[in-house]
Amino acid sequence: MSVSAPDIAPKTKPGLKLDLKTVGPLVALALLVLLGISLNENFLSYNNLTNVLARSSFIGIIAIGATFVITAGGLDLSVGSMAAVIAGVMIMVMNWLIPTFGVSWSVVLAGMAAGILLGGVAGVGNGLMITRGRIEAFIVTLGTMGIFRSLVTFLANGGTLSLNFQVADVYRPVYYDGLLGIPYPILVFALVAIGGELIMRRTAFGRHCAAIGSNEQVARYSSINVDNVRLITYILQGVLVAVAVLLYVPRLGSASSTTGVLWELEAIAAVIIGGTTLKGGYGRVWGTVVGVIILGLIGNILNLQSFISPYLNGAFQGVIIILAVLLQRPRRAS
Amino acid sequence: MSVSAPDIAPKTKPGLKLDLKTVGPLVALALLVLLGISLNENFLSYNNLTNVLARSSFIGIIAIGATFVITAGGLDLSVGSMAAVIAGVMIMVMNWLIPTFGVSWSVVLAGMAAGILLGGVAGVGNGLMITRGRIEAFIVTLGTMGIFRSLVTFLANGGTLSLNFQVADVYRPVYYDGLLGIPYPILVFALVAIGGELIMRRTAFGRHCAAIGSNEQVARYSSINVDNVRLITYILQGVLVAVAVLLYVPRLGSASSTTGVLWELEAIAAVIIGGTTLKGGYGRVWGTVVGVIILGLIGNILNLQSFISPYLNGAFQGVIIILAVLLQRPRRAS
Amino acid sequence: DDTVTIGVSVPAATHGWTGGVNYFAQQAIDRLSETYPNVEFVFASSPDSPKQIADIEDMVSTRGIDALVILPGDPDAMTSAIKQVKDAGKFVTVVDRQLSIEGVENLYVAGDNPGLGANAAEYIKQALPDGGNIVILRGLPIPIDQQRFDAFMGSVEGSNITVLGDEFANWNRDDGFRVMQDFLTRYPEIDAVWTQDDDISLGAIEAIRQAGREDEMFVVGGAGMQQILQAVAAGDALTPVDVSYSPAMIATAIELTTSHFTGGIQVAGRYILDSTLITQDNVEGFLDAESPF
Amino acid sequence: MSDGTSAPMQPVLAAHRISKSFGEIPVLFSIDFDIRPGEVHAIIGENGAGKSTLIKILSGIEQPTSGTITYDGQTIVLPADGKAEAMGIVLIHQELNLAEHLTVADSIFLGRELKRGPFLDTSEMRRRASAVMETLHVRVDPNARISSLSVADKQMVEIAKAISRDARVLIMDEPTAVLSVGETQTLFEQIRRLTARGVAVVFISHKLDEIMELADRVTVLRDGQLIATVGTQSLTPDSIAQMMVGRELSNLYPPKHEPDVDAPVVLSVNKLDAPTVRNISFDLRRGEILGFAGLIGSGRTAVAEAIVGLAPRSAGEIRLNGKVVEFTRVAQSVEAGLAYMTKDRKGKGLLLNMGLRPNLTLLTLDKHLRAGFLDPASEERALERATRRFDIRARDPSVAVGRLSGGNQQKLMLGKTMESEPDIIIMDEPTRGIDVGTKQQIYHIIAALAAEGKSVIVISSELQEVIGLSHRVVVMRNGQIAGVLEGAEITEEEIMRYAAGIKQSGHDERISA
Ligand SMILES: Nc1ncnc2c1ncn2[C@@H]1O[C@H](COP(=O)(O)OP(=O)(O)OP(=O)(O)O)[C@@H](O)[C@H]1O
Ligand SMILES: Nc1ncnc2c1ncn2[C@@H]1O[C@H](COP(=O)(O)OP(=O)(O)OP(=O)(O)O)[C@@H](O)[C@H]1O
Ligand SMILES: [Mg+2]
Ligand SMILES: [Mg+2]
C-alpha cells in the first residue's frame, strides 16, 4: 500500500483479500477431502491416499515444470506427447540393450539416462524455436505436440511399445515400492516440489522468471538474459517430463500413441488452480501441488460414488475446477 | 537478433518488416498451393477446392468468433464441446418436432433457431462467469468444455444422436447444395468472414475489443464498458459456433461425445497462424480465414500423396504450422 | 487402363485396438500391392468423423478410387458421406460398424459387438455359479461400447451376478489402472472384472496385483491381444479367458475387396466374424508371434 | 560540486558525432556530448528533441546509427540491454520501468540479486532496500508489490534502484516529473551526495528552476540538433527557454480573467466519501479554473476518479448543473460533458501498441461513425486538428504511441480528452513531462477554455502551475480538504501551510466560494 491516508475509509481489507487468494486452493482441497470422507470410509485409508498421490505424481512433476514456463510468460502444450515419445524411446533403448548387457539394473539406468537426455533435448528444441526463432510459444509447442505424437505412433508402428518382461520386473519397484511406506513416486514428487518451491522462491532464476513474465522489457533492461532464462524454463520442463516418465514406465511397462494424451491440459489446469497467473509474472509451486492433488481427488471421488452417471464425470470435473478457482478470484480490479 | 555494431547499421527496414508480418500467412498459403499442384493434377479442380473450403467452413466460422475473443484478451476452450452439445440438442429438437409438424422445413428451421439460441446462451454463460465472476477465462472454458462434453454424452446416452432420415434429407442441401456453383457452407463462411472483418476493422466494437486486449485499464478509463464488450465477444463466439453447427448437422446428421473434439485447438491455431496476437490487442479476421484454409489444405495435401506414412501426418502438420508462423515472426522486440 | 485404386480409411490409432487396425491394414496393403502390381492403395487414418469424411472425399475427387474399404469411426456420422461414395459408383466395403441405413455397402465385414458382451457374460455366469460381485470397466462413451455393455447387462440380468459399478476407462491402460485402483478401494469383495478390452485389462491387472488381490478375482477382457492370449495359454488364473474381436478383420476386408477386382470373383454380402470365447483349449488358433497387437 | 566549465577534467563518458535514425527517420544529428566526474550535466529541449534517445545511446539501450562513444577515453561499443550497468552506467528511464508483480525489494535488486550460497539472501536485500528507501525518506514496505504503489512511489523505487547501484555515471530521464517538491529536494540531496563522491550525473528535466538549481552544465537540443553546451552560471531561466524553443517566451501564464462570482455552479460536490478520501465538498463555477493542490497521495486523484465514476462512492452527492448525478461508468460522465484526463498516461491513458489515430478517438468513437461504421477519414481529420492544436510531433505518423517521446504522448492524451468537447474538464497533472514552450500553449488553451465558459479543474503537484492558472485553489491533505484559497491568498506559502497540515479550515464548515 502506498503512503496515503490513514484513519479513514475502511478499504477492502487487504489481509482478508490476500488470504483468500492464498488459501483458496487449500479450501477447495479441504472441501473435496470432506466430500471424499462422506462418500466412502476407505477414502482416508493409507492405500487410497497413496494410490491417488502416486498416480498424480506424473502430472504433478510435469505441472511443476509448467509452473516455471507459465510464470516466465510461456506455455508448453507439447508435454503430453513429449512424455509419450520419451517413454517409447526409453522402452526401445532398454529392449535394445538387453542382448548386450543382459537383464540388469544397468540397462534400466541406461534407459533412464536416455529418457532424461531426450527430455532435455526436446526442451532445448522448444526453447530455441521460441527464444531464438521468435515464434509464439503456443504455435511452437502445438507444432511439436503433433510432431512428438506422430513420432511415438511411428515408433510403435501404430501399436504399443512394451518393455521386455524381465527388465520390467527389475524396473517395477521404482513405481510400486517405496521408502518407509511411502511409494517412490510420491517421494520423487515431493522432492521435485520442494526443489521447485525453493528455486521459485529463493533463487535468482525464480525471481527472473517472474520478472520476465511480468514485464519482459524491464527484465531485459535489468540485464537479465531473457532468452536464456526462458530457454532454461523449457529445458527444465523437458527434464521434468522425463523424470515423470521414469516413474511412468515401470508402472505398466508400455507406451503407445495414447500415452500422455491431454496431460498438457491437465498440467496447465493444475498450475492455474494453484494460483499461478496464466499471463505470467507470478507463480507458486506449492499451489500447483495442491492443484494437482485436487484434480487427482476429483477423479478418485468420482470412482468412489454411484450417484453421478459416469456420463457426467466431465461435468463434475468442470464444475469443481471452476469452483476451485472461484474461491480465489480477485475482487473487482480497480 | 539485436542491433549489433554502429556505423550506419542497416536496421531491418520497417517497411519490409510490416510486409512480412502482413503477407506471411499468404506466403505460407501460396507455398502450400504450389506443393498441392505439384503433387496432384486434380488439386486445383473445382471439386477439390470446393471440398476443402466447404469442410473448412465449420472451423472457419468458429475461428472467426475466436478471433474476437482472443483480440479482446480472452480465450474459449469450450467451442468444440459446445458444438457437440448444440448439434445434439438441434437433432433432439428436430426429431421431437416431427410428430407434430411432420417432415418439413419448419422443423429444420425450428431446430436451427434452437441451435442459435443455445449457442447464445452458452456464450452468455461463459461470458458472465468470466466478466462478472472474475474467473480466468482458461479455467471457465476448460470447465464448460468438460460440462458440455458430458452433457452431450448424457443426452446421447453414451451413444450417438441421429437425425431422423427424412428430415436429414430435407436438411442435406444446406451443406451439399449451393448458389451459382458455390456450396452454401462456403458462402456462409465468406459472409461471416466479410462481416467479421468489417466489425473488427470498421466498428466501435472491433476497436473496443483491441483496446481491451491491449490494456484493460486504458479501455476502462476511455469509457469503454469492458465487461460488456468482453461478454459480447463470448456471445458472438457462441452464436458463431451455432452457425457452424447449422452447417455441420446436415453433413453428418448425428452428434456424439466425439463430435467437435479438439476443434478449440484447431480454431486457436488458425487464429494465431493468421497473425492475431494470443495475448490480445491485435486481431485480423482475414488472417484467420487464411489460417483456416492453410490448416484445411495441410490435411488435403496429405491425402494427395503416399510418401509420408499416415503415422507421421501429425508431424507434417506440426512442421507446417510452425513454418507458417515463422514466416511472419517479429524481429527482435526492441 | 486396368489399374485399380482402392481407398482404405480407418480411424486413427487412439487406443490399442485401433492401433491394431492400423497395423493390419497397412500390412495387408503392403502384401497385396506386392502381389498385385496393378492395384494401388490409398490409405488414410483419421482422428474424427469430419476428417474421415474429408479423407474419403479427397480419395474420390483427387485420387480417383474405384473402391473404398472403410472402418467408420462413428458410423452414424459417416453414413451419408459413404452413401455419396457409393452413389458415385464406387465399390464400398464397410468394416466392423453398421451404417445407420441399410443397403449402402456392397460388402460388410464385421465383428460381433453384442456377441463380445454376451460371451463374456456367459463365461462369468458359468465361472461364478453361486453368483458374485463384478465391476465393469467400460471403453469410451460411443455406440460400440454401448452395444457391448447392453448385451452384457442383458445377459447377466436375472442371474445372481451383482454388478457393483461401472466407469469409463477409455480403452486405455492408464485409465484401466486408475479406475481399478479406485474400485478396489471402494469394494472389499470383487469376484470378477469385465473390461471388454485387453488394453484396459492390462492396466486393471497391475492394479489388482499391486493390491495383492489377484487370488480373489479374475478379469475378462476382449479383442484378443497377444499379451493376454499368452497368459491364457499359460493358464494364468487372473485371465482365464479372452473374447476375440480381432482388429485383423480389416485385413480380411481389404483382401476380399481386392479379390473382387483381381480375382474376378463377385464378393458381396455380410461376413460376420464371431466373437468367440478364447480359452486355454482353443487359444493356439489365435496366437500369432508376428502380431503387434 | 565542481565549478562548471572552468575545470576541464577528463570526461568519463563522451559521445562523438552521434547520429541516430529509426528506420528512415532521423532523430539525432551528429551530437557531441560529454560528462565529467562529479558534475551534473543537464539536457534540455522540447518534446521529441531527442533527449531520451541520446541518453539511451549513452547507456547502451540503443545503438547509434553512426558516431562513437568513449568511456574513460576508450572508444567502446556499449553492451545492450542494461548490461552497461555492470560498467557503472546506470539509467533511470523516462517511463516507469518496473515489473508490477514484483515487490519493492525484488525490483531494487532485480538482475543483481544478493545471494547466500545458491539462494537469495532475501532478508539482506529487504534490509538494504529499506535502508535506501530510508535515505530517500520514502515510507513503503519493501515487501509491497509494485502494482500497489502510487506513481510517485514507483518513481522513488526507481530512484532507489538506481542510486543503490554502484554508479560512476548516473543518467536520469525526467526523474522529477511525477515527484512533489519535497521528494524532488530529497532526490537533489542524494544527487549532491553522489557528485561529491565523483559520480557523474546526467539529468533531464523540463523544470527550468530545477536545472538552474542543480546543473553545472546544460546541453540544449532542438529537433535532434545540438544547439549549445554552456555552464549554468551564464544562464537565466529565460535564456534557457529561449535556446530550447528558439523564440522568446514571454508570459508563461496567460492573464487571469476575474472570476465571475455570479456564474452558475456547474459542478457541486457534497460530503463525498470514496476510497481513501472523506467528506469532500466543493463547488465549481462556469468559466472557472479550480486548482487542486496537495502533497502526492493526498487524494486528489481519488476525488476526481470518484466524481467521474471510476471509483466507487460510499457517500455524498454530486450535482451537475443542479441535477444530482450518479456516475457508475466513465461513459456516463463523458456523456454528461464531464471528462477526466488521467495522470498515468502509460497505464491508464494510452494504448502503447497502437497508432495515434485509434488512441485519439478511443473515447469518442461514436463521433466518427457513418452509417454505423467507423469513418477513417473523419478520424484522420480529427488527428490533424489535434496535431495542430496541441503541437503533437511524431516524425513518423504511423508509429505506435509507445515510441513517441514522453511529452508528445502527454499531448496526445490531452487531445484525446478534449475530443469529447467537455464542458467540465478535470486534468490530472496536465503538463507532466511537457516542455516549457508547449506548457505555455497548454496554459493558454486552458485559459481560453475557461473564457469560453467551460470549467476546468487542474490537479497539479507543480505549485507554480496551480498558482499561475487557478481562480481558486482547493488544498487537500490526508484524503480531506484542508482549505480553499482565493485571490491574494493563493501563494506558495499559504498552500504549503494547508498541505502540510499547519493550517486547517473548520471541519464541518461548508467549503465553497
Ligand atoms: N523506437 C523508436 N522508433 C521510432 N521512433 C522513435 C523511437 N524512439 C524514439 N523515437 C522518435 O524519436 C524522436 C525523439 O524522441 P525522444 O524520446 O528522444 O524525445 P525527448 O527529447 O526525450 O522528448 P520528451 O521531452 O518528450 O521526452 C521522437 O520523434 C520519437 O517519436
Ligand atoms: N487503498 C486504495 N484502495 C482503492 N483505491 C486506491 C487506494 N489507494 C489509492 N487508490 C486509487 O489509486 C489511484 C491513484 O492513487 P494515488 O495515491 O496516486 O492518488 P491520490 O491518493 O489520489 O493522490 P494525489 O493527490 O497524488 O492524486 C486513485 O484512483 C486512488 O483512488
Ligand atoms: Mg524523453
Ligand atoms: Mg497521486
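Here the Cβ of each residue, glycine as well, is placed from N, Cα and C on the backbone.
Automatic, uncurated: that is what TrEMBL annotation is.
Copied over from TrEMBL:
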TRANSMEM  A:20-40  transmembrane segment
TRANSMEM  A:52-70  transmembrane segment
TRANSMEM  A:77-98  transmembrane segment
TRANSMEM  A:104-125  transmembrane segment
TRANSMEM  A:137-158  transmembrane segment
TRANSMEM  A:178-199  transmembrane segment
TRANSMEM  A:231-249  transmembrane segment
TRANSMEM  A:261-278  transmembrane segment
TRANSMEM  A:285-302  transmembrane segment
TRANSMEM  A:308-327  transmembrane segment
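When each of the listed stretches A:20-40, A:77-98, A:104-125, A:178-199, A:231-249 is scored by C-beta pairs under 8 angstroms to the transmembrane segment (A:52-70), A:231-249 comes out highest.
At the 8 Å Cβ cutoff, the transmembrane segment (A:137-158) and the transmembrane segment (A:77-98) share at least 3 close pairs (sequence separation 6 or more) and count as touching. Contact between the transmembrane segment (A:285-302) and the transmembrane segment (A:20-40) is present: at least three CB pairs lie under 8 Å, with pairs separated by 6 or more positions in sequence. Cβ atoms under 8 Å from those of the transmembrane segment (A:231-249) belong to residues 57-62, 64-66, 68-69, 71-72, 74, 76, 79, 82-83, 86-87, 90-91, 111-112, 115-124, 126-128, 130-131, 163, 171, 174-175, 184-185, 188, 192, 205, 209, 255, 259 of the same chain, restricted to positions at least 6 beyond its ends.
Panel annotation: around the transmembrane segment (A:178-199), residues 46, 50, 53-58, 60-61, 64, 67-68, 205-206, 240, 243, 247, 284-286, 288-289 of the same chain, lying at least six beyond its termini, place a Cβ under 8 Å from a Cβ of the stretch.
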